[in-house]
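Reading through the structure tokens given below for one structure.
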Amino acid sequence: MGSLCSRNKHYSQADDEENTQTAEIERRIEQETKADKHIQKLLLLGAGDSGKSTIFKQIKLLFQTGFDEAELKNYIPVIHANVYQTIKILHDGSKELAQNELEASKYLLSAENKEIGEKLSEIGGRLDYPRLTKDLVQDIEALWKDPAIQETLLRGNELQVPDCAHYFMENLERFSDIHYIPTKEDVLFARIRTTGVVEIQFSPVGENKKSGEVYRLFDVGGQRNERRKWIHLFEGVTAVIFCAAISEYDQTLFEDERKNRMMETKELFEWVLKQPCFEKTSFMLFLNKFDIFEQKVLKVPLNTCEWFKDYQSVSTGKQEIEHAYEFVKKKFEESYFQCTAPDRVDRVFKIYRTTALDQKLVKKTFKLVDETLRRRNLFEAGLL
């Protein structure tokens, strides 16, 4: 009898402990659910090479702890790969231009650089790249300085030459140092294609401050074959941040060289706007790469792009840059309102001029985004 009572007491204690654990788990789930309700979900979208991932890295630097030494070191093979890929594009481009252009001679490499070019092109085509050494840097510098490569660089918009080509070539010696650790700037310039989905949680004014919203930002692959992975992220989004590289109006897609990048961006922007799940979602349009745009637009006519064929130049210098920018901005505004029902006054739409590599500008822009979204939340709560 005593043993039965003892056993019942044991079972009772076990049940109590299990009930306590269950209650604790339920309490935690409830807390996490409540906490999640206060986290604003932001979706970072845009075509490939729009600068989305650079914006994402800036957020990590600005509003989180940045990159620790281990993370920085992980970028060494990425940066070395970028160097090899860049010099390969330029070398192969010069060969192609030398075969097909009327002024073929200016794209012909000097005799001493032909062999170097073939060697570097072979390295750039590998799946695994060697670490940069002083000898390889010497070869890359010799090829980079060849007049044929510099002429080819002027045709970079036709050849998928990355925007950061100059930066890589100016820092070769530092990249090849045996003790090299990438700087924050190196990481921002490093190019690695986003595949799948990456996320980060942050607050533009610090998570512990009552006045600040907490955001969860999702960056997704921009190439066409990556876009199907966006679908499951569409529900419950507070805002879409859409990046458009306005400097790429004369360039073609990496994955389809028949397609103009700006036309692809326009079509993607309009497709996203028409998605039913974004009916009430705020849109923040980042007209990105303005630093490149302001240099290019004075040399390459904006009406090179089919979408901008009605553009007419009115001035020179700064006035022309501003006129061209306002024209592009208006085109995106027209697209937005054409794709948005007239009664959708509850959907916020803002346009920001951005340069993803400019940390101060990115910080200022996200403060403005934060302010806009907080005002919208207060309005929806009836407090404004």
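Just so it is clear, glycine is given a Cβ too, placed from its N, Cα and C backbone atoms.
Looking at 105-114, 195-204, 215-224, 335-344, the range annotated in Swiss-Prot as region 'G3 motif' turns out to be 215-224.
Swiss-Prot lists region 'G4 motif' at one of the ranges 76-83, 228-235, 284-291, namely 284-291. In Swiss-Prot, the feature region 'G2 motif' is placed on 186-194, out of the ranges 186-194, 267-275, 375-383.
Taking Swiss-Prot as the reference, the stretch among 41-54, 153-166, 321-334 described by the feature region 'G1 motif' is residues 41-54. Taken residue by residue, the region 'G2 motif' (186-194) breaks down under DSSP into 4 helix, 0 strand, 5 coil.
In the three-state DSSP assignment, the secondary structure recorded for N288 (GTP binding site) is strand. Most Cβ neighbours within 10 Å among the binding-site residues S53, T194, N288: this distinction goes to N288. With DSSP classes pooled into helix, strand and coil, the tally for the region 'G1 motif' (41-54) is 3 helix, 6 strand, 5 coil.
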